[in-house]
Amino acid sequence: MMSDVELVFKDESDCLVVIMGHVVTRLLSYRQLHHLTPESAGVLIGERRGQHLVVCDISEPGSGDIRQRCRVDRRGVHHQSRVNEAFERSAGTHLYLGEWHTHPEDRPFPSATDRHSWRRNIVSDESMLLLIVGRKDFWLGKKERELITVFKKIES
């Protein structure tokens, strides 16, 4: 998988999500390539451009987070601090867009635990992104109220 190349995803309603290249590089650095590597998690930060979303930044694992091989709990206060800083630096254009975490599988797919957690914890009138970083690929979904829809990666 190449790094520093942006990823573009599209859903059935032609909504586009662009993940900037430098963000892709950081996400790839957390892949669970070794059998002892724990899951990682953070938040997605970026811009809403009409129905389209651009992921410009992320928060990364840190103090307070609980990380195990097949479980992660994003508890660190630094995640919200990162969103607040991005919002201030961008004069209000960079916002919380959703969540990301890793899975120890090549082609990730949401677990029942993932879906339950998203339904319980992500409550918003805005659509929120749900990204899973696998060893060889990504899974991207969007939660709108109770509905989760899946994006397809556009190959470049």
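Each residue, glycine too, has its Cβ placed from N, Cα and C.
Keep in mind that what you see is a predicted model, and the values were worked out from it rather than measured.
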Recorded Zn(2+) site member, picked from D114, D125, that accompanies H101, H103 in Swiss-Prot: D114
Positions on the same chain near the motif 'JAMM motif' (101-114), where near means CB under 8 A and six or more residues out: 30-32, 35, 37, 39-42, 69-72, 74, 130-139, 141, 148
The motif 'JAMM motif' (101-114): DSSP-derived helix, strand, coil residue counts: 3 helix, 2 strand, 9 coil
Extra residues within 8 Å (Cβ to Cβ centroid of H101, H103, D114), Zn(2+): E39, A41, V72, T102, P108, P110, S111, I132
Winner by Cβ contact number (other Cβ atoms within 10 Å) across the recorded positions E39, D114: E39
